[in-house]
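K.L.:
Pasting in a structure now, in structure tokens, and then I'll have a few things to ask.
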Amino acid sequence: MMKTLSSGNCTLSVPAKNSYRMVVLGASRVGKSSIVSRFLNGRFEDQYTPTIEDFHRKVYNIRGDMYQLDILDTSGNHPFPAMRRLSILTGDVFILVFSLDNRESFDEVKRLQKQILEVKSCLKNKTKEAAELPMVICGNKNDHGELCRQVPTTEAELLVSGDENCAYFEVSAKKNTNVDEMFYVLFSMAKLPHEMSPALHRKISVQYGDAFHPRPFCMRRVKEMDAYGMVSPFARRPSVNSDLKYIKAKVLREGQARERDKCTIQ
């Protein structure tokens, strides 16, 4: 199955198995959108704008193979619990963000981590077993200093203790401290190409009307070890119906993969 993205004179076909969604969750004013902005364009915005829900898409050409990463930057207020549950169900990798100078935001991350594990476990019919999920818990604003800290490092690290699919980082989106390292570890845990990390691919800047022109991206000759990444200016949040179909297809693929593994072992 291929996902086809079309614009202008160019068509990009991304295999379904190479399409992923990253979901960013946390309380309001903890810096979720700032971390996403660092990932997409390396910039930091000082002005705070409340997020209802932002959707972004980044397309990669890594050694000739196409990959797609959708990024869902969620609201910290979560006025619609059903939509947040749907966002969790569609997620492949997760970033849970709290502010090191805000104890309540850390408590929210603990609740979110529990909810994600419960929702994903139910999806896999493993209600008594934690789902294996690539997840980073991110303590943001470490540039504020120790006097402002309300969450000890040792306490935050307990949330990831004993889980090889979960890691903890203290970062500063403002100073761009540990942000690249955090994404590198997250993608490594998810078994995604390392080149999807912000620092490990060439960024292609494109004009809105020329985003998928053959020469800048999809028909460009790439060297064997080259990796390119491009933020799509046309990304739209999929409909609820599309998300439900996405979940169904993902569960089906995972089931088929487990059956293949059983046959191989036998």
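Backbone N, Cα and C atoms are what each Cβ position is placed from, and that goes for glycine too.
Pasting the relevant annotations from Swiss-Prot:
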type	residues	note
BINDING	26-33, 73-77, 140-143	GTP binding site
MOTIF	48-56	motif 'Effector region'
REGION	189-235	region 'Interaction with GNB1, GNB2 and GNB3'
LIPID	Cys263	S-farnesyl cysteine
MOD_RES	Cys263	cysteine methyl ester
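Any idea what these are sitting next to in the structure?
P.N.:
Under DSSP, Thr74 (GTP binding site) is assigned to a strand (E or B) in the three-state scheme.
Taken together, the residues of the motif 'Effector region' (48-56) have an average pLDDT of 83.
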K.L.:
Tell me, how many other CB atoms lie within 10 A of the CB of Arg29 (GTP binding site), whichever protein chain they belong to?
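P.N.:
Total other Cβ atoms inside 10 Å, all chains included: 14.
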K.L.:
Suppose we draw a 10 Å sphere around the Cβ of Gly26 (GTP binding site). How many other Cβ atoms does it contain, all chains included?
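P.N.:
So the Cβ neighbour count for Gly26 (GTP binding site) comes to 26.
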K.L.:
Just jot down the residues in the same chain as Thr74 (GTP binding site), at least 6 apart in sequence, with C-beta under 8 A of its C-beta; none if empty.
P.N.:
Val23, Val24, Leu25, Lys32, Thr51, Glu53, Arg84, Ser87
K.L.:
If you skip the near sequence neighbours and keep only those at least six away, which residues in the chain come within under 8 angstroms of Asn77 (GTP binding site), Cβ to Cβ?
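P.N.:
In sequence order, Ser28, Pro50 meet the Cβ cut-off.
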K.L.:
Could you put numbers on the helix, strand and coil content of the motif 'Effector region' (48-56), residue by residue per DSSP?
P.N.:
0 helix, 4 strand, 5 coil
